[in-house]
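*Asks:* Copying in the features that TrEMBL gives for the protein in this structure:
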REGION    1-923  region 'DNA-binding and helicase activity, interacts with RecC'
DOMAIN    8-495  domain 'UvrD-like helicase ATP-binding'
BINDING   Ala29, Ser30, Ala31, Gly32, Thr33, Gly34, Lys35, Thr36  ATP binding site
DOMAIN    536-803  domain 'UvrD-like helicase C-terminal'
REGION    963-1266  region 'Nuclease activity, interacts with RecD and RecA'
REGION    975-1003  region 'Disordered'
COMPBIAS  983-994  compositional bias 'Basic and acidic residues'
BINDING   His1024, Asp1141, Asp1154  Mg(2+) binding site
Amino acid sequence: MSLSQTPTQPSSRPLALELPLRGSQLIEASAGTGKTFTIALLYVRLVLGHGQPDDDSHPQDNGFHVPLVPPDILVVTFTEAASQELRNRIRARLVQAADAFRQTEPDDGLAQSDPLLAALRDDYPRKTWPHCARRLEVAAEWMDDAAISTIHSWAQRMLKEHAFDSGKLFQQEVVKDLAEMTQQAVFDYWRTRVYPLSEALAAAMMALFDSPFQLHSALRTLLQRRDAILCLNGEPLQPGDLREQLASLTSLREKRAPAEARARDAYSNDADAIHQALRDLRGQLNGSTFRGKNDDATFESWLEELAAWGRGERSLEDASFVPKLAASKFKLNKGATLPDFDLHTALDHWHEVEAALDEQVQDLKPQVLADARAWVSARLAEQLALRAQMGFDDMIQGLANALSGDGGEVLALRLREQFPVAMIDEFQDTDPAQYRIFDAIYRVADNDPASSLILIGDPKQAIYGFRGGDIYTYLKARLATAPRHHTLDTNFRSSEAVVDSVNQLFQQAEKDFPRGAFRFAVEGAASDNPMPFHCVDANGRAESLRLGGEPASVLTAWLVGDEDEPINKDRYLNEAARHCANQIATWLNQAQHGEAGFQHADKPFEPLKASDIAILVRDRKEAAAIREALSARNLASVYLSDRNSVFATAEAQDMWRWLKAMAEPDAVATLRTALVTTTLGLSLHQLDALQQNELDWEATQERFAGYRARWQQRGVLPALRQLMHDYKVPERLLATEQGERRLTNLLHLAEWAQNASDALDGDHALIRVLGEHIEQPSADEQILRLESDARLIQVVTIFKAKGLEYPVVILPFICSFNEINGKWGTPLFHDDNDRPLLELAAKKDQAKASFDAANDERLSEEMRLLYVALTRARHATFVGLAPLKHGNSKTAQLEKSGIGYLLAGGQKLPDLESLKATWETHRKACSGITHSPAVSDNVTYQPPAASQALKSARTPSHRAFTPWWIASYSSLQQKGANAPETPKAEVENEEHQPVRQTLVSGSPEEAGTLHAFPRGPNPGTFLHGVLETLANEGFARPQHDPRLIARMKQRCTLRGREAHASVLEDGITAWLNTPLAAKGHDGPMLSALSHYRAEPDFWFATANAKTPVLDKLVRETLFPNEARPTLGFQRLNGLMKGFIDLLAEYNGQYYVIDWKSNWLGPSDSAYTDEALTHAALDKRYDMQLAVYLLALHRHLRQTLPDYDYDRHVGGAMLVFLRGIHAPTRGVLKIKPPRVFIERFDAMMAGQDTATVANDSKNDAKNTEVC
């Protein structure tokens, strides 16, 4: 059967109403012909059951045999955006149809506003309309469960839903990016296959790939197209034995050293004569071969290289001059004679060995790559299976394999029953595995009326081969559906003149060229064409475009270059971009005077706007060229194909540095790094001033410490906003060319940081996660489009523009092409059985047939890309034409481009004159086509004065932020201070607080007592350290080992306190052997303790606890009616952290003990109960003890099975060490009642934040204080 089939239309009615909804059907929808509109109406018909044999509708017997509901109808497309659009359009169409059927009067204007829907309604008797309306309403309400999705997400869902039939796991994690796993698999290959090789074989392997990284780079493309067969010179490669493959290379490599040694011996024999001959011949050396010969330094360096090589200090591989002395390489000027030295022939022999080795390497590389790809692919599949994971391609491949496996028929039946009808959108972009899935389920060639498969696409727009789309798979499906082919033949996008111009270009090519417009016709058999071009009709547009006050031509060629010679790529880009920018500036200037814009029949003239213009390019390089030209003419543009992650921007790195400096303002290097960021924008003078002025530097540190406090209290977003305000970042950025873009990136990142911090524990976690995103940016956080982007000239790739439309389209670089030649692109082509092959030969002359076949397919895809580009415009298209040449070619090579083939069918277009003549033939055939030289004066766009009217204020969309941070007693007392990292730091925090005025004054300290022991942070830390050491060594040990106390005295002496060593000894004795309770009361004695732990740290969770509420409870329960400082407002949300000096068990009860070295007076009489209480409250030790008791309470509740607060908790005590001999023993002990600790616990956990009830005052009466 011939592949060519004439599209069929059952009747004059629109296809959407007449398409048979059973069996397999293929709809070819040319650009702009309403494909999505048709899908939506077909969906409505399926819901209604339109055309059933026993239905009341007319005509009958072209519909599905039963009405369907949304979960029964599978609609598949290839992108998330497209699937969401389809879902919305179908839902809207169902609602419109329900409204239409709900009408009671037939003459309701529907025939004028929506003739297709009116025709569908007329197919039903009026009495059935309410029933139809209800069915459509139910379907619209059911659309959330509609089976409309991407092919990948549907395949994943089917594997999960039918796990038993597919042989897959119920739960498999989808890995978005397999790059890291793939690289690890390559490393595993290297370890497994290369490391065990002998030294000689490993050296041979290193000659092919010097590292696993290089091998991974070479494999990347091959692994992306795992469906393609690897071949060498067109012959398929099979994985072989790596050792055998490398052995042949090893034997050649072994010939290198003898060849070089022979050449070195030849040099040594005639070294002086060779050097003299070179000096004599210096003037006769060929300048092209020996560049720099006339420079003395260069010439002497050559001779030194030769001598060093002769001494064995260099090898020929590393030399640049010596290899040129081979007889075949030694080039002299005309008339000069080559000297007769053995060195020249010896070096020739070395070159022959190298050439043979290089040839062997080129032959062997593909063999190794085939072996590596097979091994790595298997390894990757194994690792994914072990981890219960799968990649995106594995979803498709997994379902295809399941359907072709042992239980495939059962699975296909279940899927066919679940989805009796399927519509596949954009089917031209399918691949072999995807088609195998639907062919297995719906048996395309059988045309089974019990199910329906509708394939919708346009093969002329199949441009995603680089993503795996396979046009040959589409053609296979086209053959299977013959003769059930249908077309949508009316263009609703473009003006009638635009449609006529495109028809003219492609219809002429279809008629004149043996292979047709899209190069799939068989030469000599024009009727055998699986991808013919058919002209489409135009619905037309109500408005028209005017430029320069005149109706605009719909297809204009700008002729770039000189009349009689070709133009290279760089000049083409520059001149085409320049002329394009000049024309746009002219139009937009004209638009301000009403000379460029859109004329409507029933509306005022609409001036042309920048956003009406789209410039289509191939790649980032072309986009940069045109945007630079636009910018030079004061024209702003946006590159819409820029899918960079915001984490890949310079602003992300700068923000990371800012956050690090906020978190550690005392880290000098970190802060300096933040200050020199380009986004912050400090001048060199400002930075130098900070270096020179210590006060300014300290002020900067305090400023960043303030940002940290704001971060912890209010969130990272307010902190970043404050930083940007303080350093005037917005004002400075907006004054630069890309300032709005950069500022938007900063704000985007700041908002991301705010949202991310809600799920992270603390500032360092956010810094770490941001760093990871910068290290491996993903597409999840793409650069945000600015609101102003919509008002700019749109620069977009042709690939991205597919499916879109623009009023004016410019293709300034339409002649560009990239020939597959080994340097650009891996040759991918198909054999006679349509199997994809990847040619691994490095050079075209090694596999000419493969390269030619790949370039032939490339040119065919270029034609499809050209069709997409030329069908985007509503009103006008402008193209830049030039006799383009590549590289060092002397002649134009335009025939290798899509536009060259469209105009000349592969024939040469050597110069601008021939190009113009060819275009002229189309101009004569179609009045909308014209041409003009790309010659124009530079024009600058003059924007109109900006309006000063302000928009209404916007409402923030983000929710309120609850800060997460690590608090401590110190941060409660000092409002926002960082939690201390160590017990020593906590002690120093306390000791640095201002010393409270003593209650006892005027008396000298008692010499030889603890009252005279030095005061301040360092002595206090020293005493804490002594007690910690005693605890760690054992409080009872000094009784039988006096060396421990002697060691403590020595430590005191080493710290310059020799005069106080005896006092320390007395103090240690008293601390160890005195009950920690007032005289006459029972209390724990350190030397008698058997269960205790020194300096345990604790962490417990807090949730939205407010300090005023906590403080109120503590004030009313602990030491009520006593004055004390008020704690500032803070929200505790995160963790509470602290260090308890001693946790001890005594008589079955647990005590929290905290050492205090505070000096209250010169003698024991200063350490009264009143003095201890006032000292404790002055520094808010009451809150510290409450927090420590809560930590003990939570710990015991988790660890003691029968825990009871009243029975197991002894209390918390402050031990003022200097008062150990006072009647109070310097001990202040509390044990609040159970109700207090439970309420305090609930408040910390965010479970009770109401104002404390009056019963808390009653609880105070039960608080034990002694």
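Cβ atoms here come from the backbone N, Cα and C positions, even for glycine.
Here the structure is a predicted model, which means the values were calculated and not measured.
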*Asks:* Roughly how many Å separate the Cα of Gly32 (ATP binding site) from that of His1024 (Mg(2+) binding site), to the nearest whole number?
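*Replies:* It is 82 Å, counting Cα to Cα.
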*Asks:* When neighbour density is defined as the number of other C-beta atoms within 10 angstroms of a residue's C-beta, which of the binding-site residues Gly32, Gly34 has the lowest density?
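*Replies:* If we count Cβ atoms within 10 Å for the binding-site residues Gly32, Gly34, the smallest count is at Gly34.
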*Asks:* Is Asp1154 (Mg(2+) binding site) helix, strand or coil when read with DSSP?
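*Replies:* DSSP call for Asp1154 (Mg(2+) binding site): strand.
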*Asks:* For Asp1141 (Mg(2+) binding site), which of these binding-site residues sit within 10 Å, Cα to Cα: Ala29, Ser30, Thr33, Gly34, Lys35, Thr36?
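*Replies:* None, since no candidate lies within 10 Å.
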*Asks:* List nothing but the one residue from Ser30, Thr33, Thr36 whose Cβ has the fewest other Cβ atoms within 10 Å; the candidates are the binding-site residues.
*Replies:* Thr36
*Asks:* Around Asp1141 (Mg(2+) binding site), how many other C-beta atoms are within 10 angstroms of its C-beta?
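*Replies:* Its Cβ shell of radius 10 Å holds 22 other Cβ atoms.
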*Asks:* How many whole Å apart are the CA atoms of Lys35 (ATP binding site) and Asp1154 (Mg(2+) binding site)?
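*Replies:* Each residue's Cα considered, Lys35 (ATP binding site) and Asp1154 (Mg(2+) binding site) end up 78 Å apart.
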*Asks:* Quick one: Cα separation, Asp1154 (Mg(2+) binding site) versus Gly34 (ATP binding site), in Å?
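*Replies:* It is 80 Å, counting Cα to Cα.
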*Asks:* Find, for the listed binding-site residues Ala29, Ala31, the residue with the lowest Cβ contact count at a 10 Å cut-off, counting only other Cβ atoms.
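*Replies:* Result for the binding-site residues Ala29, Ala31: minimum number of other Cβ atoms within 10 Å at Ala31.
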*Asks:* So which of the binding-site residues is most packed in, judged by how many other Cβ atoms lie within 10 Å of its Cβ, out of Lys35, His1024?
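*Replies:* Per the Cβ count, the most surrounded site is His1024.
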*Asks:* Between Ser30 (ATP binding site) and His1024 (Mg(2+) binding site), find the distance joining the two CA atoms and give it rounded to the nearest Å.
*Replies:* 85
*Asks:* Any idea what the Cα distance is from Gly34 (ATP binding site) over to His1024 (Mg(2+) binding site), rounded to a whole Å?
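*Replies:* So the alpha carbons of Gly34 (ATP binding site) and His1024 (Mg(2+) binding site) sit roughly 82 Å from each other.
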*Asks:* What's the CA to CA span in angstrom from Thr33 (ATP binding site) over to His1024 (Mg(2+) binding site)?
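*Replies:* Roughly 85 Å, rounded to the nearest whole number.
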